[in-house]
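Peer 1: One structure follows; several queries about it will come next.
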Amino acid sequence: MRRLLPWDYGVRNLFRRPSRSALTLGGLSIVILLVLVVVGFIRGLEASLAATGQPNVVLVYAMTSGADIENSAIPGRTPALLAASVAGVRSQFGEKFISPELYLGTRISVNDQEGLGLVRGVTTAAPLVRQQVQIIEGTWPGPGEVLAGRLVHSKLGCDEAALQPGQTIRFDGRDWKISGVFAAGGAAFESEVWCPLNDLQSALKRQDLSLVAVTMDSADAAADVDLFCRERIDLELKSVGEMAYYADLQKHYRPVRMLGWIVVCLVAGSGVFAGLNTMYGAVVGRIRELATLQAIGYRRRAILLTLIQEATLLACCGALIACLLGLLFVNGTAVRFTMGAFMLRVDSVGIAIACITAVILGIVGALPPAAKAMRLPVVEAIKAI
Amino acid sequence: MKSSLYVAALASALSLSVGCGSPASTTPVSSAATTSAVVNGEKYLLAEEPDDAVGVIEARETASNGDPLVVVGRIGGSDKPWVEGRAAFMLLDASMAVVAEGTESAEGEVCMGDCCANERAECTTLVKVVDNGALVPADSRQLLGVKENDFVVIRGKASKDESGNFTVLADGVFIRR
């Protein structure tokens with residue numbers, strides 16, 4: 001009584017019908033690649049918002065602006081008041097980590113092509129507070145210059161080359177020369193244009209600020225900023241931890257993420273049906289062969305296992321191909337969304353989900369046709385055409 | 001057999017490369033967060049209710065900077081009445097009630113929306129529990145055992161600046177049960 005079919009038998013079977021195997025492999029690879037793209041979208045969105053917030057950074061903005069910093073207007077003296085009144089603000093070499101910022105959404109023209117972009121007026125204190133920011137090309141902006149995030153081209157829907165140092169963009173009635181390009185570790189800042197605060201205030205004829213970002217010595221010290229805002233009600237300020245702010249934004253995107261996961265399930269489900277269809281075809285064409293195996297002494301369970309082995313191997317190869325394609329062509333692709341732009345991420349979680357999906361596709365796709373083939377009596381099956 | 005070994009090797013290499021290449025978190029690890037100190041709150045709790053308590057609205061109007069005063073009110077008047085990790089909270093005048101944002105407010109009611117921000121400011125105050133002039137570094141909920149909507153009588157001093165910002169610096173709190 002033989003127990004299991006040799007491992008090689010299942011592998012060799014895949015090469016006996018190369019066209020059918022190649023087609024099934026292609027179908028499975030596409031299904032898994034789709035899963036990977038959707039998971040990459042969800043992971044990219046989550047990572048973008050998560051990377052933007054830091055635990056010891058507090059945002060101070062207008063009490064009446066709701067949760068929208070773009071609508072916020074606070075007195076220009078707020079940074080000085082915070083520096084003088086709040087203990088626990090991080091400082092280095094006498095420089096306090098307090099970044100006054102003016103933030104707005106505006107139309108930006110690049111080579112006569114106009115798009116809705118995000119502009120942040122900053123001072124040299126901004127990199128102290130936004131420590132993810134790194135200039136990857138060019139220099140910090142001087143008067144009349146801007147620093148472009150590396151995903152601004154995606155947000156504006158223009159060519160990346162048009163936003164290289166030396167190029168000119170136009171917004172709020174002024175031309176601005178690009179002095180450099182920055183990255184921010186996947187944070188939402190990467191889809192923003194940064195310019196000197198004074199220049200932006202002059203261009204907009206505004207003296208107020210949108211927000212002040214403050215780095216505290218510890219996350220616990222953020223309460224002192226809150227206390228300041230509650231005491232100085234004449235300033236009409238409120239404070240929120242940067243992580244809490246972006247966690248709140250994540251809630252707005254929960255329906256999008258839920259939809260993403262539903263799409264993952266639907267794509268995987270359609271993959272199972274496609275796999276079932278292919279496997280039914282594959283098994284029906286091999287009924288005599290399977291019956292012969294039974295006749296020479298192999299148990300039904302052993303034959304069932306070899307069929308699952310074939311399908312799972314094919315699905316796993318599909319997962320490998322999909323992951324390689326994903327890493328080469330999907331990972332890092334910029335996607336535009338309301339808050340800016342973010343990059344699709346094919347990370348370990350996405351790959352794990354793709355591999356698990358492949359295994360499920362292999363097992364679930366092979367079981368019903370294999371079980372059906374095994375139910376036929378051996379004598380009848382051997383006579384099958 | 002060989003082909004299956006190749007598949008396994010490829011899978012391992014792929015998972016390893018992705019694992020190693022995963023971008024490190026950009027969020028810096030915060031320095032050891034200074035947690036709120038463990039302070040015995042009993043010395044700030046009054047056994048008997050102080051006399052001559054006035055409401056928050058009256059206190060805001062009549063008290064001058066440094067005046068001793070006794071204020072009665074309800075903890076609330078803000079969507080988050082607590083200052084995390086500090087002995088400070090918002091106190092609402094006892095005659096006022098807060099209703100949800102978007103709800104039409106009647107006489108003696110203010111809503112939590114921006115539309116009522118000024119009215120809310122007039123009938124609320126920040127209470128800071130102080131010890132020798134310094135704010136007690138402990139969360140009021142743990143320190144005093146109070147919760148939102150508790151009626152409390154605060155004994156302390158008024159702190160008022162030229163801009164009209166009014167705060168009660170409390171040295172004793174009585175909780176009406």
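Using N, Cα and C of the backbone, Cβ positions are placed for all residues, glycine too.
Reproduced below are the annotations present in TrEMBL:
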| type | residues | note |
| --- | --- | --- |
| DOMAIN | A:21-224 | domain 'MacB-like periplasmic core' |
| TRANSMEM | A:21-42 | transmembrane segment |
| TRANSMEM | A:258-283 | transmembrane segment |
| DOMAIN | A:262-377 | domain 'ABC3 transporter permease C-terminal' |
| TRANSMEM | A:304-329 | transmembrane segment |
| TRANSMEM | A:349-367 | transmembrane segment |
Peer 1: Give residue numbers and ranges for long-range contacts of the transmembrane segment (A:304-329): same chain, 6 or more residues beyond its ends, CB-CB under 8 A.
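Peer 2: Result: 4-5, 7, 9-11, 13-14, 21, 24-25, 27-33, 35-37, 40, 275, 279, 282-283, 346, 350-351, 354-355, 357-359, 361-363, 365-367, 369-371, 373-374.
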Peer 1: Looking only at the domain 'MacB-like periplasmic core' (A:21-224), what is the model's average confidence as pLDDT?
Peer 2: 91
Peer 1: Short question: which residues 6 or more past the ends of the transmembrane segment (A:349-367) have a Cβ under 8 Å from it?
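Peer 2: Distal contacts: 28, 31-32, 35-36, 39-40, 43, 264, 268, 271-272, 274-276, 278-279, 304, 307-308, 310-316, 318-319, 322-323, 326.
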Peer 1: With DSSP as the yardstick, break the domain 'ABC3 transporter permease C-terminal' (A:262-377) down into helix, strand and coil residue counts.
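Peer 2: Helix, strand and coil residues of the domain 'ABC3 transporter permease C-terminal' (A:262-377) number 91 helix, 8 strand, 17 coil.
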